[in-house]
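Copied from TrEMBL, the annotated features are:
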- Glu72, His75, Glu171, Asn174, Gln188: chlorophyll a binding site (BINDING)
- Arg77: chlorophyll b 1 binding site (BINDING)
- 78-98: transmembrane segment (TRANSMEM)
- 118-137: transmembrane segment (TRANSMEM)
- Arg176: chlorophyll b 3 binding site (BINDING)
Amino acid sequence: MLGFVNGVSPLAQRRSGAAVSVRKGVVTMLQSKAMPFMEAPPALDGSMAGDNGFDPLGLTNYFDVKWMQEAEIKHCRICMLACMGFLIPEIFTLPWSYFPKDMLAVDVHDYFVKTGGLAQVNLFVSAWEAIIGIAALQATMEGDRAPGDYGFDPLGLGKDPATMKRNQTVELINGRLAMCAIGGFIHQQWIYKQGIIDQLMHFKPMY
């Protein structure tokens, strides 16, 4: 029985992915997939899309994981749209005179603040959150709705549960990348004064 922990052989431990160690007779919990040197957070059991057990600060011990994923999905979608908003105007802008041409996205932000366009966007988003967002979040917290699920699936991509979870994971992965990318886009334009596509085609070093 040497090497067995609670009747489980070392081989079985490795096959199941359970990292079990004994310290003074205490068996530790499963290791995090994202951070193998840390224990897996109890609230992250792998049932949610995009859950890799990454919670180095232990926030899921204090905040409801459903609320946190709702917030993450919302930020993912906003940042994916923001990345498109930085790239598309370099290729195409609406023909009306109100929409500036050949202006960096970071400067367009200030332009729309001054002309009132961004205020209209803020009013629409605030109304959406007040009417729909709060009710959706309440349904999520009560367990009647999955985080981020607005029932919008015109192409029927979520009919199969396995495919649905895969698509949800793909959305989160791309959204997390977009959250990092939009920060890079903004700082790149502040520093180099070039559009994203323009800099890829014609890189101008600072010095």
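Please read every residue number as a count from 1 along the shown chain.
Glycine too: its Cβ is placed from the backbone N, Cα and C atoms.
These figures come from a predicted structure and were not determined experimentally.
Positions of TrEMBL features highlighted on the structure.
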residue	record	Cβ contacts under 8 Å, 6 or more apart
Glu72	chlorophyll a binding site	Leu172, Gly175
His75	chlorophyll a binding site	Gly175, Met179
Arg77	chlorophyll b 1 binding site	Gly148, Gly175
Glu171	chlorophyll a binding site	Ala49, Ile73, Cys76
Asn174	chlorophyll a binding site	Cys76, Met80
Arg176	chlorophyll b 3 binding site	Gly50, Cys76
Gln188	chlorophyll a binding site	Gln194, Ile196, Gln199
Item to check | chlorophyll a binding residues Glu72, His75, Glu171, Asn174, Gln188: largest Cα-Cα distance, in Å and rounded to whole number | outcome: 25
